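**Q** What TrEMBL shows for this protein is this:
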type     : residues                              : note
TRANSMEM : 64-81                                 : transmembrane segment
BINDING  : G70, V73, N77, S300, N332, L444, S448 : Na(+) binding site
TRANSMEM : 93-115                                : transmembrane segment
TRANSMEM : 136-164                               : transmembrane segment
TRANSMEM : 217-238                               : transmembrane segment
TRANSMEM : 250-277                               : transmembrane segment
TRANSMEM : 297-314                               : transmembrane segment
TRANSMEM : 326-347                               : transmembrane segment
TRANSMEM : 432-453                               : transmembrane segment
TRANSMEM : 474-498                               : transmembrane segment
TRANSMEM : 504-527                               : transmembrane segment
TRANSMEM : 548-571                               : transmembrane segment
TRANSMEM : 591-616                               : transmembrane segment
REGION   : 638-722                               : region 'Disordered'
COMPBIAS : 647-659                               : compositional bias 'Acidic residues'
COMPBIAS : 686-701                               : compositional bias 'Low complexity'
COMPBIAS : 702-712                               : compositional bias 'Polar residues'
Amino acid sequence: MAATKIIDAPRNGHEMAPLNTRARGDGTHGVTIVLTAPQRNSVQSVDIPGNEPERAAWSGKMQFFLSIIGYSVGLGNIWRFPYLCQQNGGGAFLIPFMIMLILEGIPLFLIELGIGQRMRLGALGVWNTIHPWLGGIGISSCIVTLFVALYYNVIITWVFFYLFNSFRYPLPWSTCPLNGTGFELEECAKSSETTYFWYRTTLDAAPSMDEPGGLKWWIVLCLLLSWTIVFFIVMKGIQSSGKVVYFTSLFPYIVLTIFFIRGITLRGAGAGLMHMYTPKVEKLLEPTVWLDAATQVFYSFGLAFGSLIAFGSYNTPKNNCVRDVLLVSVCNAVTAIYASVVIFAILGFKATVNVDRCVASNTDILVKNKLLGLNDTQGYEQAMSLLNGTELTRLQLSECSLAHELDNAAEGTGLAFIVFTQAIVELPGAPFWAVLFFTMLLSLGLGSQIGILEGMLCTLFDIDIIKRVKKQHVTGVVCLFCFIVGFIFCTGAGEYWLKMFDSFAGTIGLVVVALMEMIAVIFIYGHERFTEDIYQMTGYRPGIYWQWTWRYIGPVIMVCILISSVVFMVIKNPTYGAWNADLGMIEQKSYPNWVMGIALSMILAGVLPMPIVFLMRSFQCLKVDLDIHQGSIRRNETTASTKEMIDNDDDDDEDDENDFSGPALGGHVKTQSDFSDDEEEDKPMTMRMMMMRPTTTTTKTSNALNVPTSRKNNYKKDAYDV
């Protein structure tokens, strides 16, 4: 009795069509050659002599969860979400934010995490596997991620500079420097202490992008430090970065809690919170509010970078990715709201202090002009109400309004390095709070930067040539390249360049990539098949909510974001804020034409790979490469002699084709004993049945498809006598 032969190759839907499946007609039998890619298991990375190392995996569920949290919860939760709440209706902004979170963020989040876990590949490998014509999605994602990684690490550079200066007492941004005559420098006196320290001491800002000035050596050194730290964190992939996330993910919550306890006890904290969260429902009628909510959700999750696909690919096949998506989404939203409470509690304190100073200054002026008694502290409001606009201007009296102070809260770098640093100065023990704050920003920045680089490197390692090089070497080359290109941010125009990169490089390209990802998975890979994949991996079958958001609502929102971004970019002349040292304030200037040419080039570089790869592969301009064309070679490269048998095979085993679990996911493994003798007599000989016949002889055949043989154990060849 022949021994039972188990076919243990996982059926991923993209295996090679067996060759020479028909008998020759001379009484002899042909030979079936089955090519199977190396197994991708979910165990820890282990180097096996003579074999390709297995794919890396998380050491535990907590490591994966913290990595996702550290990547998704970034600087945008601290310095952009509070600003959007304040500008778009206060507490009313939470309504469109939550709606967009449910309709846009969570569905696309599950697509990226789920397809990465199912395919166990990076962004490039996933889209090539779904269909070779879609390979440009992975290339576009990698290019856009590179642009974002370039400028995101510059923010970490500035945080390092402020962190080092936070150990000085008093804080260097607490007072204005003096000139040779003992008076404050005019530039500082016209602006403020924190503004001067940011634009003159830290950046040494240039007057425009046309006059960038030279490199600032202190920024170059901090940039070198930041890239060196990032390199050592990510040089071994998740084996090294997975240990750092325990700090970068948890420490910001500890600091936020400390600031929360301190902030709500400060004078004026309640006024700041009331100003921020008082709902202005009429704002919901403005389309831009909904657009801001959709954009914030999109960028706060870090979608379309390829990082979520990479993180998902390191999971075990049976990981419950649906639960992970829901937990991370809730955590992201709660963190943004929590950070907003902390920020505006302290900004309320700063605004109250500024109003008190303003009132004291106006009181002195009124007393000098005998409009108010020397000790009459109760008559200030009455005295001010009796003055008209002309008299207020003549006496140079300021408007002391708490609402006005809170309305001037900035976003982005202005909030972190100007507004919040001024609030820290007012706190007792200011250096301690400064160290805490900038260490928190450093943790948030590093957590996101690790995820961004991990997504890009995972995409690079899907390329056959690069995967042969040690990960440390590839990571070192990437970090060195980014450091050298980053010199552009170390000039006097560095902040202007960062604003340009943030406005153009990481906007349209990411939205286009996200839209194509959703189309590729739901309409090309198939929403029914992806639903079955989720069910096989998690035991949960996505219902009507997921189907509607995947197939209709999500793509519509993506198209709206894309169209509005392009329209605003065309209609509204793009400008940047340049520092005017003579006036001590920011001036809005239009980007030079040559800079807009660079911006347009970056947008095209992030979008064009998708149509280029589509056209080149659809017209067969590229040489057939087994590593690239796995996704469709079974269907597209079928010869006439095998087509009929493949069709029969698909029809006879339709139920088995719909089972996507396979051996890798714990599915049933077909054996010779699964087929009865009666069935074998009644059914025509199919390709899979021939593959499962016992082997008695082994025949050496030529490599008809020119399969690369230089790589050891790249494919396993099993010969079966038919």
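Glycine is no exception: its Cβ is also placed from the backbone N, Cα and C atoms.
A TrEMBL annotation is a machine prediction, not a hand-curated record.
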**Q** Just to be sure I understand the packing, how many Cβ atoms besides its own are within 10 Å of the Cβ of L444 (Na(+) binding site)?
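**A** Counting Cβ neighbours of L444 (Na(+) binding site) within 10 Å gives 28.
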**Q** Find the member of 64-81, 250-277, 326-347, 591-616 that has more C-beta pairs under 8 Å to the transmembrane segment (136-164) than any other listed stretch.
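**A** Between the stretches 64-81, 250-277, 326-347, 591-616, 591-616 has the largest tally.
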**Q** How about the transmembrane segment (326-347) and the transmembrane segment (474-498): at least 3 CB pairs under 8 Å, pairs 6 or more apart in sequence, or not?
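**A** Contact absent: fewer than 3 Cβ pairs fall under 8 Å.
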**Q** Would you confirm whether the transmembrane segment (432-453) and the transmembrane segment (93-115) meet the contact rule of 3 or more C-beta pairs below 8 angstroms, pairs 6 or more apart in sequence?
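**A** Contact criterion not met.
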**Q** Looking only at residues six or more beyond either end of the transmembrane segment (250-277), which have a C-beta under 8 A from one in the stretch?
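**A** Non-local partners: 66, 73, 82, 85-86, 90-91, 335, 338-342, 344-353, 402-403, 406, 427, 433, 436-437, 439-440, 443-444, 447.
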**Q** Top stretch among 93-115, 474-498, 548-571, 591-616 for CB pairs under 8 A with the transmembrane segment (217-238)?
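**A** If we count Cβ pairs closer than 8 Å to the transmembrane segment (217-238), 474-498 scores highest.
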**Q** Relative to the Cβ of N332 (Na(+) binding site), which residues of the same chain, six or more apart in sequence, are found under 8 Å away?
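**A** In sequence order, the residues whose Cβ lies under 8 Å from that of N332 (Na(+) binding site) (at least 6 apart) are I69, S72, V73, N77, S300, F301.
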**Q** If you count every Cβ pair below 8 Å, which range out of 93-115, 474-498, 591-616 shares the most with the transmembrane segment (548-571)?
**A** 93-115
**Q** Under 8 Å between C-beta atoms and at least six residues away from its ends: which parts of the chain pack against the transmembrane segment (474-498)?
**A** 146, 149-151, 153-155, 157, 203-206, 208-209, 211-216, 219-220, 223-224, 227-228, 230-231, 234-235, 413, 453, 456-457, 460-461, 466, 576-578
**Q** Within the same chain, and leaving aside G70, V73, N77, S300, N332, L444, S448, name every residue whose CB is within 8 angstroms of the centroid of the CB atoms belonging to the recorded Na(+) site, in sequence order.
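**A** Close Cβ neighbours, site residues excluded: I69, Y71, S72, G74, L75, G76, G302, T335, G447.
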